[in-house]
Amino acid sequence: MAPYSSVISPQGCSSSSSSSCAGNKPSEIDGLLAGAGYKVRSQDLRQVAQRLERLETVMVNAPDEFSQLATEAVHYNPSDIASWVDSMLSEFHNQPEFSDPTNYINPVVVPPLQADTWSNENVQHCQLLHPQQQQQLTVVATIEEDSGIRLVHLLMGCAESVQRGDASFAGSLIEEMQSLLTRVNTVSGIGKVAGYFIDALSRRLFSPQNACAGSSVENEILYHHFYEACPYLKFAHFTANQAILEAFDGHDCVHVIDFNLMHGLQWPALIQALALRPGGPPFLRLTGIGPPSPDGRDSLREIGLKLAELAWSVNVRFAFRGVAASRLDDVKPWMLQVNPREAVAVNSIMQLHRLLGSDPTRGSPIDTVLSWIKSLNPKIVTVVEQESNHNQPLFVDRFTEALFYYSTMFDSLEACTLQPEKSVAEMYIQKEICNVVCCEGLSRVERHEPLVKWTERLNGAGFSSLHLGSNAFKQASMLLTLFSAEGYCVEEKDGCLTLGWHSRPLISASAWQTSALPDVGCLPLATIENTIL
Amino acid sequence: MAGSNEVNLNESKMVVPLNTWVLISNFKLAYNILRRPDGTFNRHLAEFLDRKVPANANPVDGVFSFDVIIDRATSLLCRIYRMAPEDEVQPSIIELEGPLSNEVVPVIIFFHGGSFAHSSANSAIYDTLSRRLVGNCKAVVVSVNYRRAPENQFPCAYEDGWAALKWVHSRSWLRSGKDSKAHVYLAGDSSGGNIAHHVAMRAAESGTEVLGNILLNPMFGGMERTESEKRLDGKYFVTIQDRDWYWRAFLPAGADRNHPACNPFGPNAASLQGIKFPKSLVVVAGLDLSQDWQKGYAKGLMKAGHDVNLIHLEQATIGFYLLPNNNHFYSVMEEINSFVSY
């Protein structure tokens, strides 16, 4: 039964009938509760009701302990009422009055996701259309009336011409748009975003080979300003660090593998959190992967040294190793020198999508990388990705999706007042737009895919979801209150967190673990190269 | 709870279907965790636990939705729900705000419930309810994401409601009928019903047209402990204690429950006589402990000379309209449909 069925005629259900009136088979999810956002199997309804009742009894009889549920307990997967109630019940230590001890559920850390088909059903149908962005365009259109709408229509038309191969018509549309731009406000809103897309289309038509250039130094500068101007990267780091911290609990030797070190902005916070860990910090190894420096500097090592200084100042034993690689699928697991005794965290902030392009010489880079990640037997893999589908086969679809996605992102950037961070952050975003619109083949690296596709891919590669709980959610929400702009919102979905602007998710953070042990023979036995200060 | 150590939930279990019981009990327990005794609210956890759904411009069962920012200064968002035109597959940008027909299309401004503190316009339960309203009444629904207590107390929610009403009247694309105007109704459940009343008051005072009010289990109260409150305390998901908490969270510091926001026909309230107040449909659930206040509200409107249709559903509990698995749901939907039709 679809969650949104419109009202037809009364089905004459008596008030004491059990389960929904939808005629579900018992092993199916209750359709009406699904429409309310909850997953409960029809056959489990009675049991869940019993547990709710038990929780309420506990509430009444131990109100002080119950109040701790709010402050100390970590909540997971609120959609799954059964496991949520169980985890609440397990917070209570003594249960003498319950006569049926077999019903007392031990804490289940991660309830396995119900059939993926259910989570697909729950996902919005709008793979092609994202109304949240349309809302941006719609609101702006009411200010600029025809011009804004006309620009969007011209952009779509131009994208279609490009896809058809009609370069001359596309060119004439670009001219028309450029002249329309002179009559529209380009400081903000639709005019600004349209400007970037017109520019990107024009590059695609007239100078594709120059479109995607950019040195690694340039990239680092753009990245840093994007980091400062808006909360997306900070959210990514916060959320990943929280999950890594929890995964490292109880381990004395830990090893973080960062797929894109950049300036190592993510790691000071983790180092400090580990320093403050009750029971003392572990021995922390950090392996930072990054592109080779063209000028012979060892920029990876420089960052490593800075982080080592910080770690030394807070008494965290620390070792750093840099791995220079221009592509992740060039990295071989032996380069990472993982020690079987250590707990490994693999951290990928917007890197996996770069592996989705393939050509005959490269096979499938994403499969290569996912399989060597698995072979490291990591305790946790943190994945942050843009929440959009910019990897669709048809150019027009990618273009449309990108138009809406980046409109929302630019809109959120309006809230930033820091300069030059804001302007340089716009250049960072512009580079992404250019790559999505102008490039093809291996040089198109911005192949963003939404969380639902990553979930499929990671599940298929032998990873299962590690739910991010209410602690991570709370951290992320608190982070947002530091930004004066209202409009950012964090949401939980199937154990993952998304950060978005006005209810349109723009970036997703998720955590994964291997679902089965690999062959022991794959683990390299290595000695640790010491860079300890 | 009412002070006894034994928890007796059998009464509530006997009057609602099992899935409804699970849904509302789950809310009850979660909300209990969120309310702190000192009057503060665990907003982070509330947002984490709340099941939300995005808007969807692709029609599902003939209804599509999209979000609009009404006021950037207060981040006031609303979600618009519309019937999809029958011949077309996907709305494009212009058509999201395409004109309504020459026939009258009611525009229902909906204020979700949650006792002023919980839920949002994009909460799954309210997204679903709004869609059902569209399908049922062939109306446009504008669901308002008003600011919530305790962070935003009286009169923030009312201001947001008023802003939404002005906004709806200012949209040319929401006009319909030969008289080419927006045919606006205000609707809400629980705190949303309370908001609808107060926005209608302001509309009446300022000459803004509202054709009718639809109040589902509206949230009203007062200092007195009424008979229904005492009789039903703790029996059907709701306690006097939690009602008190929410009023304390919403009403300004120093106010008591006879504040006119809470008690519009109480000792501190202005008279409604002689003002152009819209007709009202007031739905009262017979197992809601607030029913004496709700019936008192309906009586107060009638005494002031206003048109009221009071529907008392004997065996209904709060939240009966959240799942379409009981007769009350369908009969109320029919009443609402008649109410907004000409």
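Placed from the backbone N, Cα and C atoms, the Cβ positions cover glycine too.
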Correct range for region 'Disordered' (source TrEMBL, candidates A:1-21, A:22-42, A:85-105): A:1-21
Candidate ranges A:107-111, A:317-321, A:352-356, A:437-441 [criterion: TrEMBL lists as motif 'LXXLL motif']: A:352-356
Range annotated as motif 'VHIID' - as stated in TrEMBL, picked from A:254-258, A:409-413, A:509-513: A:254-258
Surrounding residues of the motif 'LXXLL motif' (A:352-356) on its own chain - C-beta under 8 Å, 6+ positions past either end: 259, 327-329, 365-366, 368-369, 383, 385-386, 391, 445-449, 454
Taken over the region 'Leucine repeat II (LRII)' (A:302-334), the model's mean pLDDT: 94
Highest-contact recorded stretch vs the region 'Leucine repeat II (LRII)' (A:302-334), from A:223-288, A:344-435, A:438-513, CB pairs under 8 Å: A:223-288
